[in-house]
Amino acid sequence: MIVILDNGGQYVHRIHRSLKYIGVSSKIVPNTTPLEEIESNKEVKGIILSGGPDIEKAKNCIDIALNAKLPILGICLGHQLIALAYGGEVGRAEAEEYALTKVYVDKENDLFKNVPREFNAWASHKDEVKKVPEGFEILAHSDICQVEAMKHKTKPIYGVQFHPEVAHTEYGNEILKNFCKVCGYKFE
């Protein structure tokens, strides 16, 4: 099972449905859920930090990003929370928009296996990662955002600014499936 921490984003239920579509069970929990409670459930194989409107109401996710022993995928706000947890910088986007964006994959990696080097993704660019934390590397960028995706160099921690769970994102299910593979799921 994948635990989805609900940061109040409008697409949290889309994450749940997208995982169900690819055959992975998931559970949406409040973003105040303690890490010990999540990790004490032996069925949990990974954590997704959802998008949301307010960093201040999602501070527990910083503790989870720093201390979880499970793989983590941060989406939009979740991505930004991972950056903050590890000492990166988040700020207002120069091009504040909510639209389809062409994403360019800079580095082959587990998250973008079987995904083209360029694809269209639905993205919210109100805030974004301005500086990648030490120990992380940029995996993808767009013309309006230099950090569309990042990964910790030694831990299975990923962040994406765009929304793989939204139907408009090409290869979104493939990206979610790739994260689930990192968590130990097998697909035919």
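Quick reminder: no glycine exception, Cβ is built from N, Cα and C everywhere.
What Swiss-Prot says about this one:
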| type | residues | note |
| --- | --- | --- |
| ACT_SITE | C76 | active site, nucleophile |
| ACT_SITE | H163 | active site |
| ACT_SITE | E165 | active site |
| DOMAIN | 1-188 | domain 'Glutamine amidotransferase type-1' |
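For the residue listed as 'active site, nucleophile', other Cβ atoms within 10 Å of its Cβ number 26. A distance of 11 Å separates the Cα atom of E165 (active site) from that of the residue listed as 'active site, nucleophile'. Averaged across the domain 'Glutamine amidotransferase type-1' (1-188), pLDDT in this predicted model comes to 94. Neighbour density for H163 (active site): within 10 A of its CB lie 25 other CB atoms from the protein chains shown. Distance between Cα atoms for C76 (active site, nucleophile) and H163 (active site): 7 Å, as a whole number. In the shown protein chains, 27 other C-beta atoms lie within 10 A of the C-beta of E165 (active site).
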